[in-house]
Amino acid sequence: MTRLAVGPGITLFKALAGDEVLLAALAVIEACPPRRMMTPGGKSMSVAMTNCGPLGWVTDRDGYRYVAEDPLTGEPWPAMPAPMALLATEAAAAAGFPGFAPEACLVNLYDIESRMGAHQDRDEQDRAAPIVSVSFGLAARFRIGGTSRGGMTRSFLLEHGDVLVFGGPARLAYHGVDRILPGRHSALGERRLNLTFRRVNEAR
Ligand SMILES: O=C(O)CCC(=O)C(=O)O
Ligand SMILES: [Fe+2]
């Protein structure tokens, strides 16, 4: 496993996540299928999303927020599988953020055409906790900049098994996915699966 310091508060662990986590994530998308949510402005997102854990991130005409129940079914989101939570906690600790206890895992399913525009993850109260992002399947060109829009950015590939942690000075860094690299993955086909683990409420 290679650990790369991408920038202040940004650490990339190459090929850290293994099959146990992938299988757990596949069970989550089976139980609660990803769907293309609507932005507050009324556009359909190109990434299909679902969640696991006590809270899940949603967007619709009423805005972005965390909710305990899937709006499609009224049921709680699937529980966060232990191997997923453990990986997130261990990666956060290895990146300098001990005690990370994720409350939400947003599951993003990309196809070849999907992208995610530059944004900040700012719907969480707890800004001391990092964001932990795990990628499987097709590679993505990921871009991350500073805490204001339009500054210098850097881009790199997120490949199968990669775990990216951003927090501290990078907690509110603008980031997004420029594009998915074409290909075919043995388990995911022409898709990319990304898991982002978040602490929503302040832990202490
Ligand atoms: O798919 C990715 O690598 C990034 C996902 C992301 O930024 C998000 O879900 O907020
Ligand atoms: Fe994000």
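Even glycines carry a Cβ here, placed using N, Cα and C.
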Figure out which of H160, H175 sits with H119, D121 in the Fe cation site per TrEMBL.
-> H175
Listed by TrEMBL with W57, Y64, R65, Y66, R149 as binding substrate, from among D19, D123, D178, is D123
Kindly report the helix/strand/coil residue split of the domain 'Fe2OG dioxygenase' (101-201) according to DSSP, in that order.
-> 3 helix, 49 strand, 49 coil
From the binding-site residues listed here (Y64, N108, Y110, L193), select those whose CB sits under 6 A from an atom of ligand 1.
-> N108
Among W57, Y110, D121, L195, the binding-site residues whose C-beta sits under 6 Å from ligand 2 | D121
Could you say which of the binding-site residues R65, H119, R149, H175 has its Cβ with the most other Cβ atoms inside 10 Å?
-> H175
Residues that sit under 8 angstroms from L195 (2-oxoglutarate binding site) by C-beta distance, when 6+ apart in the chain = V21, A25, M84, C105, L106, V107, N108, S133, V134, S135, F136
Rounded Cα distance in angstrom between L193 (2-oxoglutarate binding site) and W57 (substrate binding site) is 16
